Amino acid sequence: MYMIESKGGAIACMLLALLFLGTWPAIMTLTERRGRLPQHTYLDYTLTNLLAAVIIALTLGEIGPSRPNFFTQLSQDNWQSVMFAMAGGIVLSLGNLATQYAWAYVGLSVTEVITASITVVIGTTLNYFLDDRINRAEVLFPGVACFLIAVCFGSAVHKSNAADNKTKLQNFKSLETTSSFEMETISASNGLTKGKAKEGTAAFLIELEKQRAIKVFGKSTIIGLVITFFAGICFSLFSPAFNLATNDQWHTLKHGVPKLNVYTAFFYFSISAFVVALILNIRFLYWPILGLPRSSFKAYLNDWNGRGWSFLAGFLCGFGNGLQFMGGQAAGYAAADAVQALPLVSTFWGILLFGEYRRSSRKTYTLLISMLLMFIVAVAVLMASSGHRK
């Protein structure tokens, strides 16, 4: 198998993982905003997410002089470590599934900020102690502090932007009570031209609500925040579980049995994530949640609208997780949690693709820039804390 042995190689893995893991949520959000049911999107996503793990295992897990290889470990008595890997896959799958609904309620940027902050506070601390403190604490924990400051800015951005949107929509009493003639008149005065609303206007927000799969107007953001915090707790546990699977800090393996390599662990990790996602999403097809329309497995198979984007999201997430674990195995999983600065990438895509924060107030822009700058500092500091596993 191929092993990352240099600090530079580990950091390169983390940076690439950061790009991939910050991009796939934007793609999933794009399909939902275009009206595709999240159950359909997630079923497609989970197929290629598993395929990415298989590709990594059959290539990087088999090449190179390091032993044992992927196929060798499949027959070894290492079920204890396999259970840790599969537990990590289960909580990650639950977290990813939850965030798919949270994005609609509280937005892509804020969802990623909150879940990332919980992951850093809980997950990075657990990984630091599990890794026998190979990361430099005097650098690592100031990085965590920078992350928390960025989270505070992120919360302020959400509050300020929500106030901006409320101001934009103040001429609209409700979608249900506004006549079609009034809607056309008001929309025209708020940026709707030739059937296409300008990003950041009240007309744009209304047009988006009509088109998207998950309807959010008139619903409390508390629902979204609860889902988001649940996802954050799940995300904070999957990396420590994977850490235990590959390094056996609790000495659960029998004497002489090799520890799981990162590729074998990632394979089992992805298998459990796939099974959980498959079971839950097939259930959600027939018994949907949050007011979504009912679907069926036949309808899913016939729904090709956005399928390519969903497949791409699965590949990006799968390869992103694999790169994160490869970097973590080499430089410490606490340092690899620097990929939780993925809101940097998600916010970029949110602004570029979805017009988030367009036509917002100067206060919102100031807070947004402050959040992004603090995230940049946080990811740099966490990567600087990288150690080297002996």
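Each Cβ is built from the backbone N, Cα and C atoms, and glycine gets one as well.
Considering the side of the membrane named for each residue in Swiss-Prot, Ile214 and Ser385 do not coincide.
Pairs of Cβ atoms less than 8 Å apart link the transmembrane segment (102-122) most often to 222-242, out of 10-30, 137-157, 222-242, 364-384. Same-chain residues lying 6 or more positions outside the transmembrane segment (262-282) and placing a CB less than 8 Å from one of its CB atoms are 1, 39, 42-43, 45-47, 49-50, 52-54, 56-57, 60-61, 70, 73-74, 81-82, 85-90, 92-94, 96-97, 238, 242, 245-246, 297, 318, 321-322, 325-326, 329. Sequence-remote contacts of a segment are chain residues at least 6 beyond its ends whose Cβ falls under 8 Å from one of its Cβ atoms, and for the transmembrane segment (364-384) they are 11, 14, 18, 113, 124, 136, 139-140, 142-144, 146-147, 149-150, 153-154, 156-157, 160-161, 164, 334-335, 337-338, 341, 343-344, 347, 357. Helix, strand and coil residue tallies for the topological domain 'Cytoplasmic' (283-307), in that order: 11 helix, 0 strand, 14 coil [DSSP].
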